[in-house]
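Asker: Starting off with a structure, shown below.
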Amino acid sequence: MADGEEPEKKRRRIEELLAEKMAVDGGCGDTGDWEGRWNHVKKFLERSGPFTHPDFEPSTESLQFLLDTCKVLVIGAGGLGCELLKNLALSGFRQIHVIDMDTIDVSNLNRQFLFRPKDVGRPKAEVAAEFLNDRVPNCNVVPHFNKIQDFNDTFYRQFHIIVCGLDSIIARRWINGMLISLLNYEDGVLDPSSIVPLIDGGTEGFKGNARVILPGMTACIECTLELYPPQVNFPMCTIASMPRLPEHCIEYVRMLQWPKEQPFGDGVPLDGDDPEHIQWIFQKSVERASQYNIRGVTYRLTQGVVKRIIPAVASTNAVIAAVCATEVFKIATSAYIPLNNYLVFNDVDGLYTYTFEAERKENCPACSQLPQNIQFSPSAKLQEVLDYLTNSASLQMKSPAITATLEGKNRTLYLQSVTSIEERTRPNLSKTLKELGLVDGQELAVADVTTPQTVLFKLHFT
């Protein structure tokens with residue numbers, strides 16, 4: 001092929017060569033396979049080696065399971081998700097579902113390679129599925145332009161493996177809770193067939209991590225919640241009266257000016273995916289920054305602060321996605337021992353990787369199957385319990401709803417998410433636990449957006 005050929009001619013020539021290869025090798029009709037297509041996978045599945053699982057027996061059945069049966073769910077179709085989808089599709093996985101609630105922004109195009117400029121504004125899940133179904137013969141990627149909370153346990157139970165490429169701790173905690181809720185126990189013994197393995201990957205700049213979670217058997221997300229850094233929040237006094245950073249100006253407009261001015265109508269919430277909303281925040285932030293001689297407010301920074309965007313580097317995404325896809329392959333085929341169970345990656349200065357076994361917490365609120373013990377004085381106010389649930393490093397709840405059984409009736413002590421109930425139960429926050437009728441050994445049921453399950457707490461008076 002001459003070096004001077006235009007890219008379009010090169011592309012057509014490559015397509016012609018591929019068509020010729022399929023004709024010579026002998027295509028397999030409507031299957032989309034040709035001789036030698038899966039040779040790179042067969043090397044791992046049809047022969048043994050020094051790293052294969054001791055109980056693994058090479059055969060053709062494992063490849064057929066990948067091609068025909070194994071169903072994988074990918075959560076997230078962003079920078080990490082695009083890499084994951086590509087890796088899985090090219091590794092023989094054909095039954096893939098993908099969930100993503102976001103639409104494509106022009107800033108995504110530099111690293112989320114399944115998208116093109118013409119796709120801006122369209123759902124990521126749908127475009128990613130279209131691209132892979134068109135590019136990879138016989139691959140069936142099913143898109144879901146939804147939140148993960150839109151699906152019930154029946155939906156998640158159909159998958160053999162779930163792999164996450166999320167940028168949200170809340171979403172991770174929710175899917176973790178969902179998979180734990182799928183577990184079945186017989187006389188206290190876990191039924192292995194009810195386990196849906198979770199492979200979780202995350203990146204931030206030049207750092208990343210990947211982990212293998214076998215719900216009910218290994219450490220879950222809640223067991224290691226302290227490993228996730230808390231969200232950065234700026235003091236309100238600094239934002240309002242002494243801004244020093246461009247982020248302070250953006251947060252001021254987001255938290256104070258937007259609710260006050262309601263620029264798009266009464267009750268219209270700020271939507272980080274709406275360009276008009278971001279533009280309004282950006283303009284107002286520039287105005288406030290000029291009042292304090294602060295430089296550096298840009299549209300991209302505004303979008304990042306409003307949406308809590310995590311810095312992304314394409315090469316880090318590629319490394320972590322490769323690790324996650326490898327773990328999916330190992331678990332699906334049982335050909336190799338999976339990661340046990342946490343890997344960290346860092347290439348800020350040189351290249352560093354490390355693996356260790358994250359341990360289960362005996363009193364994990366998600367996977368221990370035991371009520372959590374909490375200690376308070378009878379004179380403590382319900383507000384103190386609420387503060388504990390939200391501020392505790394091991395719980396980090398967002399908007400806990402507290403209920404208890406009193407005199408044989410289920411009573412809501414506080415519920416924040418419904419305005420009418422919040423107003424009715426707000427006076428309870430200033431009451432003591434004794435005044436509310438709670439007793440030593442009382443069980444409190446707490447619901448929160450971080451988990452689909454209700455978490456039980458046992459109250460002990462001190």
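In case you wondered, yes, glycine gets a Cβ from its N, Cα and C as well.
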Asker: If you check Swiss-Prot, which stretch out of 76-81, 94-99, 142-147, 352-357 is marked region 'Interaction with NEDD8'?
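Answerer: Comparing 76-81, 94-99, 142-147, 352-357 with Swiss-Prot, region 'Interaction with NEDD8' matches 352-357.
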Asker: Name the residue range among 164-167, 172-175, 292-295, 324-327 that Swiss-Prot annotates as region 'Interaction with NAE1'.
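Answerer: So the range that Swiss-Prot calls region 'Interaction with NAE1' is 292-295.
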Asker: Out of 157-161, 187-191, 282-286, let me know the one Swiss-Prot marks region 'Interaction with UBE2M N-terminus'.
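Answerer: The range carrying the region 'Interaction with UBE2M N-terminus' annotation in Swiss-Prot is 157-161.
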Asker: In Swiss-Prot, which of 242-248, 263-269, 361-367 is tagged region 'Interaction with NAE1'?
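Answerer: Of the candidate stretches, Swiss-Prot labels 242-248 as region 'Interaction with NAE1'.
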Asker: Give the mean pLDDT for the region 'Interaction with NAE1' (292-295) on the 0 to 100 scale.
Answerer: 92
Asker: A 10 Å Cβ contact count, applied to the recorded positions Arg211, Cys237: which residue has the minimum?
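Answerer: Result for the recorded positions Arg211, Cys237: minimum number of other Cβ atoms within 10 Å at Cys237.
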Asker: Which residues of the same chain, at least 6 past either end of the region 'Interaction with UBE2M N-terminus' (157-161), have a Cβ under 8 Å from a Cβ in it?
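Answerer: 69-73, 97, 182, 196-199, 328, 331-332.
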Asker: Which range wins on Cβ pairs under 8 Å with the region 'Interaction with UBE2M N-terminus' (331-338): 192-217, 242-248, 352-357, 368-462?
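Answerer: Most Cβ pairs under 8 Å with the region 'Interaction with UBE2M N-terminus' (331-338) come from 192-217.
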Asker: With Cβ-Cβ distances below 8 Å as the criterion, list the same-chain residues six or more beyond the ends of the region 'Interaction with NAE1' (292-295) that contact it, or say none.
Answerer: 243-246, 248-249
